[in-house]
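K.L.:
Got a structure for you, questions after.
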Amino acid sequence: LTCVTSKSIFGITTEDCPDGQNLCFKRRHYVVPKIYDSTRGCAATCPIPENYDSIHCCKTDKCNE
């Protein structure tokens, strides 16, 4: 499985997930209204949202773009 780890105007960076991590995730952490910080990567289980986080998990290559 290949997941996106970062995304910018220059393109995307990906990583091949290690054995046992068969999910990609994208976490959006809301800093202030209309401004958020995104974290992407591989995971064994879908992370639990905290505070004002929004989390998307998926199981196909680069699905967390």
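Indices start at 1 and increase along the chain as displayed.
The backbone N, Cα and C atoms fix where each Cβ goes, glycine too.
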K.L.:
Choosing among Cys24, Cys42, which residue does Swiss-Prot name as bonded to Cys17 by a disulfide?
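P.N.:
Between Cys17 and the options Cys24, Cys42, Swiss-Prot records the bond with Cys42.
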K.L.:
In Swiss-Prot, Cys57 is paired in a disulfide bond with which of Cys24, Cys46?
P.N.:
Cys46
K.L.:
At the level of the C-alpha atoms, what whole-angstrom distance separates Cys24 (disulfide bond) and Cys42 (disulfide bond)?
P.N.:
5
K.L.:
Tell me the Cα distance separating Cys57 (disulfide bond) from Cys63 (disulfide bond), rounded to the nearest angstrom.
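P.N.:
So the Cα of Cys57 (disulfide bond) lies 8 Å away from that of Cys63 (disulfide bond).
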K.L.:
For Cys57 (disulfide bond), list the number of other Cβ atoms lying within 10 Å of its Cβ atom.
P.N.:
15
K.L.:
According to DSSP, folded down to helix, strand and coil, what is Cys17 (disulfide bond)?
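P.N.:
Coil, per DSSP.
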K.L.:
Whole-number Å only: compute the distance from the Cα of Cys58 (disulfide bond) to the Cα of Cys3 (disulfide bond).
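P.N.:
Rounded to the nearest whole number, the Cα-Cα distance is 10 Å.
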